[in-house]
4 protein chains.
Amino acid sequence: MDSHLAARTPPPLSPRKRPRQARAVVTVDAIFEATLQVLLAEGMRHLTTTRVAERAGVSVGTMYQYFPNKQALVYALNERSLETLADRIEATCRACHAAPVNRMVEALIETYWRAKTERPEVTRALYRSVAEMDNTALIESFAQRVDAATTEMLASATDATFTDLHIVNLTLVTVIFGTVRNAFERGVSDAVSHALKQQLLEMCLAYMQAAMA
Amino acid sequence: MDSHLAARTPPPLSPRKRPRQARAVVTVDAIFEATLQVLLAEGMRHLTTTRVAERAGVSVGTMYQYFPNKQALVYALNERSLETLADRIEATCRACHAAPVNRMVEALIETYWRAKTERPEVTRALYRSVAEMDNTALIESFAQRVDAATTEMLASATDATFTDLHIVNLTLVTVIFGTVRNAFERGVSDAVSHALKQQLLEMCLAYMQAAMA
Amino acid sequence: MDSHLAARTPPPLSPRKRPRQARAVVTVDAIFEATLQVLLAEGMRHLTTTRVAERAGVSVGTMYQYFPNKQALVYALNERSLETLADRIEATCRACHAAPVNRMVEALIETYWRAKTERPEVTRALYRSVAEMDNTALIESFAQRVDAATTEMLASATDATFTDLHIVNLTLVTVIFGTVRNAFERGVSDAVSHALKQQLLEMCLAYMQAAMA
Amino acid sequence: MDSHLAARTPPPLSPRKRPRQARAVVTVDAIFEATLQVLLAEGMRHLTTTRVAERAGVSVGTMYQYFPNKQALVYALNERSLETLADRIEATCRACHAAPVNRMVEALIETYWRAKTERPEVTRALYRSVAEMDNTALIESFAQRVDAATTEMLASATDATFTDLHIVNLTLVTVIFGTVRNAFERGVSDAVSHALKQQLLEMCLAYMQAAMA
DNA sequence: AATGAATGAGGCTTCATTCAT
DNA sequence: GATGAATGAAGCCTCATTCAT
């Protein structure tokens, strides 16, 4: 399935060279920022290499020194964004180490929800941008980091042990992430969004209660 | 937000003419089927009007008789697919009228999960195809039909009443749909997928229990 | 050897579609003519798809309906030219059927020399244009037609038989063709060119004399 | 004719500076070698200054210290190669000074044939590389050296004198060089190639015999 | 002297859409 | 009605060359 993504001469998605000089780092950052800007202002449909370079204040040629093609650029942008998100989740997990389960669940929901909501257009633009790419590796890598962090957190809970920690953890994470995204896509109002978050929390708490050994 | 999706060129998204004659219906169906085929085989990236027409066995010109532009074609395909899905959900809801809550929840999860999983590549291809379109109206319309159906179903439950039927219903639907999609995107194995569905069911049941007045 | 010609994703060199309608034939011819014109006026280095289309009075798009890429266009042009040349050689061979050997050799030299010299810029432009292409198939195909024609001609000679017709034939053809090309490349004057042709004839005659059984 | 080759941009084809220091000689040699390597591995089409510099282990900037532009580099490479070839031919001519004609002809054929065949890919790559350049001067210069050498050789023959030494010499050289190239391009097998060389020798001998006063 | 990051003109190619037949 | 040849704007990407460090 999805064979077409790879079938037609898999385009190299990894960056061409890492910026070595300070100047180059600045350039790459500018390119990332510009990509996001164009994505927000024009949509994936109108994200052209020319436009990105223009907005970044560099020449197309420069862009191509760092990214072998357009896809790689978008890919890298998403990678970066997911890494940031994973960082935040890991931080949350660390902060909740050896806390009661309820606090953990609440913190997790809160963190993820906020991360996705604080700049909704960005979230949406990124969601859209990877849609037609093989982002399996990205998701995979993100999922692994998150799973590791949350699993460890849950295992450290002071007030509970889970016979099936793994599946409970997976369920929790999948439900939370999926619900947020779906709420997002339905474009619910802030009020409803808030209520929904509350209900999600209650649902997860009820589940955890039931799942405790 | 996302204004660019509609702003740039308000493309007429509705079909040019409703097929009135039998022949026309056949043609349109062939076009839909061809679109799906190309989408599966080549991806949105390579979905061209020429290719679709070719595979549908009609000329490009003919295609343009039925769809004013490419977007409209993809849009209509998704519309059709969502309508079918809504049909199935409504059927499920009717079948569970005046049943116990647990059966309702189970049926709902089962129906949606199956619908999305029975032809995963199709699901994925469609998800991708709308990514860069303004599908708000589509989602909206789908959501309304589903909400109406599930709300009525839940209201008819023989073993429970909900003080806040609306929000409970919204939560239930959002969580189920979101979780399915997320499980989908993580590309979990069949075994895990099955376990996840089971857990989701338990979670929802626990939630409903807590939500009953 | 020459692996790079094929190695880097062999570009399809065969035409995309044969012109079916009268109009299309005209178009294709115009494109060929334009290609030659541009080749003459600007050289392979500056032969661009845009320029060719422009001079042919069609759009680039049209060009790409008949040729999958620039290389294919140049390739087809050379193919056509070699076919014409082979036609002429075959005609000469038929005309000399059952003649004395000397007349055959003279006719062959004359035909080839004239063909290459009557429009020297064209010859030169074509030579250059295929230089960096894998024209093996072209050469091969041309060589086969010529070999067949000349072999048959020589076999019909009234005043001689050859024990080793095959190698004699190959030698004759290779020497003639090679010498013409080399004379060409050295850019000798008309006078010298003429003298050279004469000498070549004498050399070949001397050779044939010695080669007769 | 072929005016475009020089007309467009009269690019300075002579090296920017002759390497005076030992280090410079090494560098230039490395660049030459790298150019040949890239030419062999990738073809003229993909011969880029960056790639050459990379393989030569110097920066592009450095390359531009020695060659004013890409053309000059390729030009110089061919120049070098032709000079080497001329050296070998001159050596052969000197070695055959005051020998019988037959030995001269045989030695000449042998030398040239071997030179072109010992590294066929190199020969081919070089042939290709100059295709779209104005190599008239190169050819001219090479021809003059060869003509002088062979003329002198033939004049010293112990067993013959030629009334028309000049044209005989030109014919001999043109036929030999042309035949070798053509045999080359037809891509004949080693066996055939060998037979061809033999026949060429016989043909030339027959010619010389006839040409003797 | 050497480096290699940056430039940007310009090449190739695609594909949605039209319209004469 | 149907066809499919023709259009051409617009996108992606390369690479010879320069120049600040």
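Cβ coordinates are placed from backbone N, Cα and C, and glycine is handled just like the others.
Just so it is clear, the model here is predicted, and its values are computed rather than measured.
Feature DNA-binding region, per TrEMBL, maps to range A:48-67 of the set A:48-67, A:108-127, A:128-147.
Residues 15-17, 19, 24, 27-28, 30-31, 33-35, 37-38, 42, 73, 76 of the same chain lie 6+ residues outside the DNA-binding region (A:48-67) yet bring a C-beta within less than 8 angstroms of a C-beta in it.
For the DNA-binding region (A:48-67), the DSSP-based tally of helix, strand and coil residues reads 15 helix, 0 strand, 5 coil.
Looking at the domain 'HTH tetR-type' (A:25-85) alone, the prediction's average pLDDT is 94.
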